[in-house]
Amino acid sequence: MDTNHQSHTTGEITIYHVSVSDEGRYKCKFDIWAESAERLLKVTAGRRGVKLTADRTIIPLGGRVTLTCSVEDPAGFKYQRFRQTSDSSGETSPQAEIVDESNRVISQGGKYTCRGWRNEPYVVTSESNAVIIHETASRPKAELRADDRDIPVGGSVTLTCSVNPSSSGWKYFWYRGEKTSEPLTSQLSAGPIRVSEEGVYWCRGGRGEPVYYTEYSDSITIYRDVPNKAVVTLQPNWSEIYRGETITLRCEIKDGGDTEWEYEWRTNSSEKPSNQNELSIRSVSASHSGVYRCKGSENSSTYWSDPFNLTVSDKPQSVLTVSPSWLSAGASVTLNCSFKDQSAGWRFYWYKAVPDPPVNSYSYELLPGSSSGTEQDSYIVHGQTHTAEYACIAGRGDPVYYTYNSKSQFVWSADFHSSVSLTVSPDRAQHFTSDSVSLSCEGNSTEWRVRRLSPEDRDLSDCTTWGTMSGSTCKLNTNQLSDTVYWCESGSGEFSNAVNITIQDKDMILLSPARPVTEGDSVSLSCKLRRQTFDSTVFFYHNEKLIQNDTRWELNISAVSKSDEGFYKCQHSGQESAQSWMSVQAVSRPERSSFPVLLIVGLICGIVLIILLLLLYCYRPSKGRSSLRAPTQIRMRLSATHAPLLNMVMSVCMNQSNTLKTLNMLQVDTRKSHILYLNLNTLGRSTTVCCMPKTSATIKARRRKEDHLLQQQMKLFILKSNRDHLSVCKERGEEEDLQ
């Protein structure tokens with residue numbers, strides 16, 4: 001074994017720089033009894049060529065170089081590389097592990113060689129040629145030059161970038177504005193580029209993969225001398241443009257004076273601009289979205305304007321929210337209208353829905369003060385007492401461009417009203433899934449619709465979808481019961497009270513009133529099991545507070561008060577009902593008056609009695625003749641200080657000389673008594689009337705437009721005059737409308 005042979009206690013021998021002299025048979029021996037079989041090492045001089053190459057021989061600061069070791073017929077070969085530095089003496093150990101790849105990326109300088117190695121059959125090539133790699137002390141810096149710093153009108157400036165010391169393979173990257181921005185362009189040579197826009201310019205070089213960059217060059221600022229500048233403006237100047245709006249793009253020449261310019265447009269949209277300074281687009285669409293530029297031409301041209309980006313969005317959808325959703329006594333309702341990306345300049349229109357059951361639809365009326373829209377995106381409704389449905393829409397511009405109208409939102413009132421009401425049978429808020437539930441509409445209407453609001457998608461539907469409608473009653477299908485709000489709508493356009501019904505698949509429910517209870521009334525709440533009876537303690541809770549726990553399954557409140565309002569539930573033997581809200585409404589009290597109510601009622605009753613007696617006396621027939629008594633006149637006036645209740649004058653006049661006129665009759669309801677008045681305001685003088693106790697006729701008399709329809713039964717006959725002489729009394733029709 002020569003000096004290249006080294007024995008190791010680890011059982012491994014390494015031959016560095018193998019040569020023909022190393023050829024022979026080798027075996028290893030461990031102790032005196034363990035010996036391996038012989039292995040032939042054959043070394044052939046110059047049999048296979050090996051070559052080491054580098055993509056470049058200079059490593060810039062922070063850069064890298066790729067070495068490639070090439071072997072003839074390389075199938076199955078692995079590679080070893082060797083590195084020798086100036087301070088190394090003699091031969092050095094391999095720099096890396098034996099690897100499969102022929103390429104190796106290095107970042108250190110030195111003298112490099114390589115060789116190939118294969119196991120089966122075992123072959124080791126001779127050592128390759130040496131490649132010397134140098135490291136630079138600093139990263140090179142790019143150099144930028146310009147042939148001029150000022151861009152002439154309609155011209156350009158030439159920029160040139162280079163790297164020193166000069167070498168091959170550089171690619172140049174150009175920047176305007178910020179160094180960190182994306183490059184304007186790149187090119188593979190040091191040739192110049194031409195620029196026609198002013199700004200601050202940089203460049204740098206790069207090569208290799210991954211790219212090794214030089215330092216940025218020093219900046220150069222390029223200016224342009226343009227006497228006038230073109231600018232694209234938008235009218236109306238809205239930040240967001242929606243499909244269907246009308247807009248105008250205008251090309252304006254700054255400091256252009258009174259010169260008559262010729263205009264030119266460029267755009268990547270579908271629009272085909274003319275050579276006018278204005279580009280009007282009616283009913284703009286998504287196809288008009290794009291970049292618009294313009295310029296003006298006189299003796300010389302302006303530059304193209306900066307790009308103007310026009311983005312056309314889909315028509316927005318208004319969204320309405322209401323607060324509160326359930327009315328309480330004296331509370332105001334706040335409506336809020338909004339939509340996505342809402343900006344300034346919009347006006348808001350507020351609507352109240354009026355049911356129209358015959359056509360299964362709604363009509364919408366503008367709320368007071370919103371006919372021209374409101375600047376505020378909120379609206380407060382004062383004094384609302386009934387269930388109501390609201391909607392909103394927003395608009396801007398001239399002509400007005402509207403958003404899609406909002407979905408309707410309801411404000412619920414549980415208060416019971418005599419005009420239109422909803423009753424539940426059985427009369428409770430909670431029901432088992434197997435219960436038969438009916439909803440009945442009551443009031444002065446022949447057309448009814450029972451509706452509910454889907455809790456999942458907030459869609460409206462009526463009884464024909466989930467029940468059976470018969471007259472004014474809706475019977476719910478047991479397989480389509482739903483936890484939601486139910487209400488009635490009348491043919492006259494009114495909403496009933498709303499009822500929140502809960503359907504339970506549990507074995508226990510709470511029986512509580514479905515409608516509000518009045519202060520002072522007695523109320524009974526009870527727990528009900530689906531199939532069994534109570535055999536132990538029943539717990540009742542009010543707003544999560546235990547208020548009764550004994551064997552009674554009923555909770556009785558003798559005189560309910562406002563403090564009893566809230567959520568109730570019951571528990572029994574580990575089971576618990578759902579919660580139900582019990583609403584308590586205050587006792588309605590008439591407003592105080594400066595004149596005692598009882599005195600007014602008494603005065604009115606007395607006047608009516610006197611009038612009836614006088615009329616009876618006037619028309620009492622004489623013996624043996626059918627003629628009427630001599631004319632008499634009785635006139636009574638009530639104090640006008642009690643307007644509007646007592647703001648009319650009643651006259652009963654048997655004066656033959658006055659010709660009867662068409663009477664405007666007014667019904668005044670005192671909530672206690674009814675009086676028939678003759679409205680003298682429209683006649684201008686006393687009015688003659690004759691009343692007799694005979695077959696009654698129904699007079700539908702209406703108060704002023706803002707008052708409710710009232711009815712009063714009276715026996716009324718009017719004497720018609722014929723040439724200033726009274727004729728016989730003739731009965732008017734059975735039913736008569738006097739407006």
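Quick reminder: no glycine exception, Cβ is built from N, Cα and C everywhere.
Note: TrEMBL annotation is automatic and uncurated.
Quick look at what TrEMBL lists:
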type     : residues : note
DOMAIN   : 140-221  : domain 'Ig-like'
DOMAIN   : 227-311  : domain 'Ig-like'
DOMAIN   : 316-394  : domain 'Ig-like'
DOMAIN   : 506-588  : domain 'Ig-like'
TRANSMEM : 595-619  : transmembrane segment
Predicted model, mean pLDDT over the domain 'Ig-like' (506-588): 89
Per-state residue totals over the domain 'Ig-like' (506-588) - DSSP helix, strand, coil: 3 helix, 42 strand, 38 coil
Helix-strand-coil residue split for the domain 'Ig-like' (316-394), DSSP-based: 3 helix, 41 strand, 35 coil
DSSP-derived helix, strand and coil totals, residue by residue, for the domain 'Ig-like' (140-221): 0 helix, 40 strand, 42 coil
Composition by DSSP (helix, strand, coil) of residues within the domain 'Ig-like' (227-311): 3 helix, 39 strand, 43 coil
